[in-house]
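As given in Swiss-Prot:
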REGION    1-32  region 'Disordered'
DOMAIN    37-145  domain 'PH'
DOMAIN    155-349  domain 'Rho-GAP'
SITE      Arg195  site 'Arginine finger'
MOD_RES   Ser359  phosphoserine
REGION    373-394  region 'Disordered'
MOD_RES   Ser395  phosphoserine
REGION    406-450  region 'Disordered'
COMPBIAS  424-436  compositional bias 'Polar residues'
REGION    469-498  region 'Disordered'
COMPBIAS  484-493  compositional bias 'Polar residues'
REGION    540-599  region 'Disordered'
COMPBIAS  549-558  compositional bias 'Low complexity'
COMPBIAS  559-571  compositional bias 'Basic and acidic residues'
COMPBIAS  587-597  compositional bias 'Basic and acidic residues'
COILED    590-687  coiled coil
Amino acid sequence: MLSPKIRQARRARSKSLVMGEQSRSPGRMPCPHRLGPVLKAGWLKKQRSIMKNWQQRWFVLRGDQLFYYKDKDEIKPQGFISLQGTQVTELPPGPEDPGKHLFEISPGGAGEREKVPANPEALLLMASSQRDMEDWVQAIRRVIWAPLGGGIFGQRLEETVHHERKYGPRLAPLLVEQCVDFIRERGLTEEGLFRMPGQANLVRDLQDSFDCGEKPLFDSTTDVHTVASLLKLYLRELPEPVVPFARYEDFLSCAQLLTKDEGEGTLELAKQVSNLPQANYNLLRYICKFLDEVQAYSNVNKMSVQNLATVFGPNILRPQVEDPVTIMEGTSLVQHLMTVLIRKHSQLFTAPVPEGPTSPRGGLQCAVGWGSEEVTRDSQGEPGGPGLPAHRTSSLDGAAVAVLSRTAPTGPGSRCSPGKKVQTLPSWKSSFRQPRSLSGSPKGGGSSLEVPIISSGGNWLMNGLSSLRGHRRASSGDRLKDSGSVQRLSTYDNVPAPGLVPGIPSVASMAWSGASSSESSVGGSLSSCTACRASDSSARSSLHTDWALEPSPLPSSSEDPKSLDLDHSMDEAGAGASNSEPSEPDSPTREHARRSEALQGLVTELRAELCRQRTEYERSVKRIEEGSADLRKRMSRLEEELDQEKKKYIMLEIKLRNSERAREDAERRNQLLQREMEEFFSTLGSLTVGAKGARAPK
């Protein structure tokens, strides 16, 4: 019999041991909801430090803290583990714990990954399966090593690019570039590249090394298939694929359109590609270009475009909910879409990303960037210099969609020079050339986008054509002035007409996004730039350049005659404006202003009407598609209900037949029982009468 003091001491000791399980991490428990979203959650078994028994707890990973709860629905956690300065280690099952999936979280930072000390402060956890344990270990390592440059497997692409920005501008993460460079150097002629799997243990070791912030180097002893499997694993474990989940249906629609009309589908696909986030755009372009290099050796490595599309399609383009029905329905479309992305990558990715910032030089400069393009021309014109230098012939394929913009400084002290202009390329197929001198030609396949370099202010006219008709040299005494000064701005010569083409924003940077967006306002766009006019007519006549219009794939066939007539009227108006100079430069003709305003108003109305009609048609088609989808769902639901009713009817018929048979059997049994009762009573009566007769003679 223990005394009360001993019992009280034991209770206090056991209570302190239990409470010690909750206070493993020193410091005050942080609020879980303030640490961001849940990175991972699930059931794990935790071993107590003293009693060594297992307790099942609900673990939640938020930020750099691992909380555990008694139940899934609990709000207040029982305890937490701070992952800063810790390491996670997988433990092999021992003789005492056979078949258990154990891992340990113990103190230790970078450089101590290979050490597994027997630390009494380590937390031993057990998962329900090997896959569950691997997922938990990867998630915890990602949290531990992400601030140190690791944990890239399963990390969002934007976060990886943002962290690696300190190493300089890159088109893809360092892991992808390292794998691609190694395969490009040693594996392009390897048979079955990307199809044959690598060594699983080596892939796992490389993944752990990259996740722990290390940068392992590949040498001649490294297996090419292992590196290829590592690259596929990185793409597969991205939380959101290269093509985001929100764009999955849009890209599948492009694939369906490609099967019907390849030209329209390619144009729509280029538009969807250009709308991707910049990190996704760069990585997709990098991978497609590399896969095109791989398929160039298909006669040796046996990996054609279709094979590469089959391997990489599900890793680059996958639905958010990966159910078997959705995957089976989209497999062929994804493969076809990936094939087009590889084959036509030079046409679809037309805006190259600059390698890095370049220092401005004293001559002509042309910089083309993803999502933006600017043509900067130095305005250091010499008096009496040559009239027009040779320029390049540039063509923009109809499938190329580039959104090009530049911001010009404004202010009371800023000047607009004719030597520095912003040019925006539309989505029409166009070309411009000078019949006398050509210094370059467009590259085949639209793999690169060449921008004309002109010594004086260039023009973009209606269908994206650059007309040199308005280029004039300023004489030696001419100087640039503001828009309200002596020299007046010509709408046709020096600025793109705002609202004429959806792909051409005005000088005030008013964007026109697709045919479904509203038209940009044209007011006030003519007063943000100045123009240079020449002083002699000989210079004007020498600067005349012809331009030719190629067929432009407009969305509506009824729009072509109006556009051609409008082009012709604009050409005549521009020629008349350039040949008929006013006698005094500071007194512009009112007729010219009225004509330009009328043409601008007409074009704006036509574009607005077309935009409105197209928007209505798209809404109607969308409503019809939604109604059709609802009807199909209702039909399928009614068919299911009809099948159920048929089954119920059959069951009722069977029950009815069974009940009839049971009733007939019951009637037969009743009749038989009635006959037996009658026989019994008759026999009983005869026996009674016989007994009475036998007693009577006595």
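Using the three backbone atoms N, Cα and C, a Cβ is placed for every residue, glycine included.
For Arg195 (site 'Arginine finger'), the count of additional Cβ atoms within 10 Å of its Cβ stands at 15 [all protein chains shown]. Residue counts for the compositional bias 'Basic and acidic residues' (587-597) by DSSP state, with H, G and I taken as helix and E and B as strand, are 8 helix, 0 strand, 3 coil. Per-residue pLDDT, averaged along the domain 'PH' (37-145), amounts to 77 for this model.
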